[in-house]
């Protein structure tokens, strides 16, 4: 009988099998000696020391770095077009982008912050003096057409003239202290803006290298959902910034309508100031509040009260309701989570919380969704494992048959 030979095809091992076995041995302490354990501990300790040291070095600049990264991510499509028109010169395109940021944002913001720092203390003093006596305010409210009588009745029930001035002063004292401190720190804010501009130049010029490193980091940390996490980071950042910009434009337009109705001079300048300052929580009141005080000093008490009500109800509603809707259009997050992310982020992290809050919730939602899908993945891995075992059994049966034939 002619001897028959049959090649034995062993099933290919999964690429993750070796890594899993290695991690299992390290976790259980099996398969590694005492010296290897010491080496592993020393390496981890050294990495921790280096990481802590790097964090301490960069901590004073974290705010500027994060803002520069956000600006680079949001404006990256424009940078790519400029780079393509400049023969793929990243340096020239980065320089042009920085010049646009300086001329279009940094210089106007600097003049605006300096002007506010000079005027805010006097505005606060005049506001406190204006609000100590509620009688003129109540009379002006009563003169408002249509709803004046109803508003007058409600305010008269809520306001006690004997204690109103003391209550207002108690509210304005901490607010005025905070505003004065903010005005004093204007110089620090301008330095931060200059630092952001400096850092964003390198994010533009070396953006591809930074993107590759971030992708590698996310892939190492998150594993199979690295691409999804990276997409969430980019899309959520752009959505939040576009929401902030859209809200700023909306608040500027709504405030401009109020200034036009109240016949406040400098309509365009004041509307632009509201637009710029809307990125901070109490920014717009710093503009329409003094405008209302000016109207009061000119004898236009009714229009002053109207402007206060317009700013409180109409301008603020754009920030409270329109911003979450605009942000949700560029991401799959529910509006409720975006709303909580924006306001909770501001409470937890300050100004940066506008971006960090929704960003963290978006990443958390993605990780939670991936965790929910894990049982399905494990079932698939179990099915593959059973297939491998069946293949090994089939190979063993074939080898036994060949032995009998021989």
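Glycine too: its Cβ is placed from the backbone N, Cα and C atoms.
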Which is it, of 131-164, 335-368, that TrEMBL names as transmembrane segment? 335-368
Which range is it, out of 16-31, 64-79, that shows up in TrEMBL as transmembrane segment? 64-79
Listed range which TrEMBL flags as transmembrane segment, given the options 40-58, 211-229: 40-58
